[in-house]
């Protein structure tokens with residue numbers, strides 16, 4: 001029994017292990033299938049991403065076909081037809097295409113790079129050849145020039161690139177540059193005080209600070225009582241030289257370690273004076289003034305720098321006992337004496353002077369704004385809108401006749417007021433139109449509502465106030481307001497008044513008016529019959545008979561929905577589209593660029609292949625539209641009307 005139980009347990013464990021292994025294999029196979037599906041999906045995505053199309057005119061049938069573009073690195077070797085797709089071919093050597101295209105020939109690569117330029121990108125099927133200047137040079141006037149080397153005392157302000165030269169700047173105070181370079185910036189002077197040293201020689205724009213050890217804190221060995229120590233940051237070795245003066249009594253020899261661990265700085269000219277000259281031994285009086293009792297002792301420090309210490313004998317004694325002709329002075333104790341007459345540097349004080357000037361300008365602006373606000377408050381509250389309307393009514397009689405006749409259209413000996421025509425048609429919508437034209441407030445609208453009894457009276461008074469309030473009021477603005485509030489019927493009536501082909505009925509032009517201060521003549525109430533209605537009749541002057549209605553661009557806006565009449569100048573020359581209408585469309589298109597391709601697509605069935613080829617050779621879309629106007633305008637009135645309908649359907653802002 002025990003053996004059978006153990007065997008059953010072993011079989012169960014084996015089955016569990018096999019189940020786990022099987023599950024692991026299934027999971028691995030699923031991951032492998034997912035990875036392969038992603039790999040195979042990538043080229044499909046790439047092929048689906050080629051969504052660009054182009055238009056091609058089949059020369060045999062004359063049809064305009066839409067073909068798929070070829071991918072980058074290829075060109076169209078055969079255009080598509082009704083039964084076949086386009087054929088793409090790889091760009092030959094020396095040519096390339098960067099993007100999807102529908103061209104029949106690849107672009108030629110640029111010429112090989114002239115010396116000393118080097119090639120950054122080679123000529124390939126997808127890229128053009130790109131040439132750059134080698135490192136250390138930049139491109140100037142088509143050639144490579146070396147970067148400028150900043151002289152001593154100047155540092156690099158901006159590093160040079162392949163297209164820009166190095167910019168240098170003079171080292172500011174506290175910095176220096178002792179070597180000419182085209183890459184190094186100005187370095188800061190060594191902080192002697194931070195290293196517990198004294199400044200022996202002040203640095204300039206071309207040299208660094210020279211540091212020395214404080215004599216009060218320096219130490220010497222017992223055998224050499226007078227030692228002056230100097231160091232220079234550019235040398236890794238220094239020499240202990242006996243100075244011409246002895247150190248004060250009481251210096252401890254235990255402080256020598258501090259002397260050895262401190263590195264002082266000395267310029268190269270001072271170091272050359274302190275190094276002994278043992279090359280000439282023949283002349284005892286000329287070359288033995290400075291001697292070394294012992295060879296220089298090399299002492300290695302634990303830091304990265306080490307130095308030699310030269311010990312000079314007292315300069316007052318020679319080797320023979322005679323006095324020396326030259327004496328080397330040791331550095332004095334304490335800090336260097338400051339120059340009482342310091343030079344004024346404008347560059348140092350320029351930042352805070354600029355800030356002070358800006359603050360002064362800001363204060364002046366605030367003071368002026370406060371004074372202006374106080375003057376505005378002293379003027380008192382604004383006048384009541386009703387008083388403004390009364391003044392406007394009084395000024396109406398004083399308005400020049402020329403401004404009043406601007407809104408009157410003379411026809412068959414009758415003067416028809418456009419404002420009265422609009423006021424009789426808009427009804428209660430006059431409030432919205434008036435607010436759109438004048439940006440008027442509710443109080444101003446309420447002033448018209450309380451002063452008149454009928455809507456057409458309020459509308460006429462509001463429109464007259466608009467013409468008085470804004471001298472730039474024009475018929476174009478009025479038409480824009482009517483179209484904004486979907487009153488195209490009123491616009492059609494105005495256009496019919498100005499067109500010679502439409503006759504307005506007398507009952508539509510008769511405006512019922514009640515007597516009011518703003519009415520030029522008493523007119524019966526609306527309840528009176530039609531035969532009692534009258535028109536504003538004004539005999540035109542001889543000059544007004546030859547004057548066009550509205551000198552501005554309002555007339556092309558009114559006539560934009562139809563082609564020119566037979567009496568226009570362009571119609572007599574063979575075009576069915578007026579020059580004013582074409583210029584208005586082209587001017588708007590040039591001011592506000594938009595996609596004109598849908599307009600060209602609508603005209604494809606009207607144009608023949610030769611005309612289509614002429615239009616496609618024009619690079620600019622605006623010039624293409626201009627040429628399209630010229631071609632379509634001489635075909636027929638139906639073709640001209642089709643072009644205008646397409647223009648105003650795709651460019652609604654022109655309406």
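The backbone N, Cα and C atoms fix where each Cβ goes, and this holds for glycine too.
Marked as topological domain 'Extracellular' by Swiss-Prot: 42-349. Here Swiss-Prot flags 50-88 as repeat 'TNFR-Cys 1'. Annotation comment: Swiss-Prot describes 67-80, 70-88, 91-106, 109-123, 113-131, 133-144, 150-168, 171-186, 192-211 as disulfide bond, evidence class sequence analysis. Residues or ranges marked as N-linked glycosylation site by Swiss-Prot: 82, 252, 278, 289. Marked as repeat 'TNFR-Cys 2' by Swiss-Prot: 90-131. Sequence annotations record features per position, and here Swiss-Prot assigns compositional bias 'Low complexity' to 216-225. The compositional bias 'Polar residues' annotation in Swiss-Prot covers 241-262, 276-302. Under the heading transmembrane segment, Swiss-Prot lists 350-370. The S-palmitoyl cysteine annotation in Swiss-Prot covers 368.
Annotated features taken from Swiss-Prot, shown on the structure.
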{"residue": "70", "record": "disulfide bond", "DSSP (3 states)": "strand"}
{"residue": "80", "record": "disulfide bond", "DSSP (3 states)": "coil"}
{"residue": "88", "record": "disulfide bond", "DSSP (3 states)": "strand"}
{"residue": "109", "record": "disulfide bond", "DSSP (3 states)": "coil"}
{"residue": "133", "record": "disulfide bond", "DSSP (3 states)": "coil"}
{"residue": "168", "record": "disulfide bond", "DSSP (3 states)": "strand"}
{"residue": "186", "record": "disulfide bond", "DSSP (3 states)": "coil"}
{"residue": "192", "record": "disulfide bond", "DSSP (3 states)": "coil"}
{"residue": "211", "record": "disulfide bond", "DSSP (3 states)": "strand"}
Non-local Cβ contacts of residue 80 (disulfide bond) (under 8 Å, 6 or more apart, same chain)?
-> 56, 65, 67, 68, 86
Rounded mean pLDDT within the topological domain 'Extracellular' (42-349) lands at 69
Cα distance (Å, whole number) from residue 186 (disulfide bond) to residue 211 (disulfide bond) | 19
Residue 133 (disulfide bond), number of other Cβ atoms within 10 Å | 23
Please tell me which one of the disulfide-bonded residues listed here (133, 144, 171) sits closest to residue 88 (disulfide bond), measuring Cα to Cα?
-> 133
Near residue 123 (disulfide bond), which residues of its chain come within a Cβ-Cβ distance under 8 Å, counting only those 6 or more away in sequence?
-> 94, 96, 109, 110, 129
Three-state secondary structure of residue 144 (disulfide bond) from DSSP?
-> strand
The number of other Cβ atoms within 10 Å of the Cβ of residue 82 (N-linked glycosylation site), counted over all protein chains shown, is 9
Consider the recorded positions 82, 144, 168, 368 and say which one has the Cα lying nearest the Cα of residue 113 (disulfide bond).
-> 144
Measuring CA to CA, name the entry from the disulfide-bonded residues 133, 144, 150, 186 that ends up nearest residue 70 (disulfide bond).
-> 133
Pop the Cα-Cα gap between residue 171 (disulfide bond) and residue 131 (disulfide bond) into the table, whole Å please.
-> 35
Name the residues of the same chain, 6+ apart in sequence, whose Cβ is under 8 Å from the Cβ of residue 106 (disulfide bond)?
-> 75, 91, 92, 95, 96, 97, 125
Out of 88, 109, 113, 192, 368, which has the highest number of nearby Cβ atoms, where nearby means within 10 Å of its Cβ, if these are the recorded positions?
-> 192
Nearest by Cα to residue 133 (disulfide bond), of the recorded positions 82, 186, 192, is 186
Please classify the secondary structure at residue 150 (disulfide bond) using three-state DSSP.
-> strand
Expressed to the nearest Å, what is the distance separating residue 144 (disulfide bond) and residue 82 (N-linked glycosylation site) at their Cα atoms?
-> 54
Round to the nearest Å and give the CA-to-CA distance linking residue 368 (S-palmitoyl cysteine) with residue 171 (disulfide bond).
-> 43
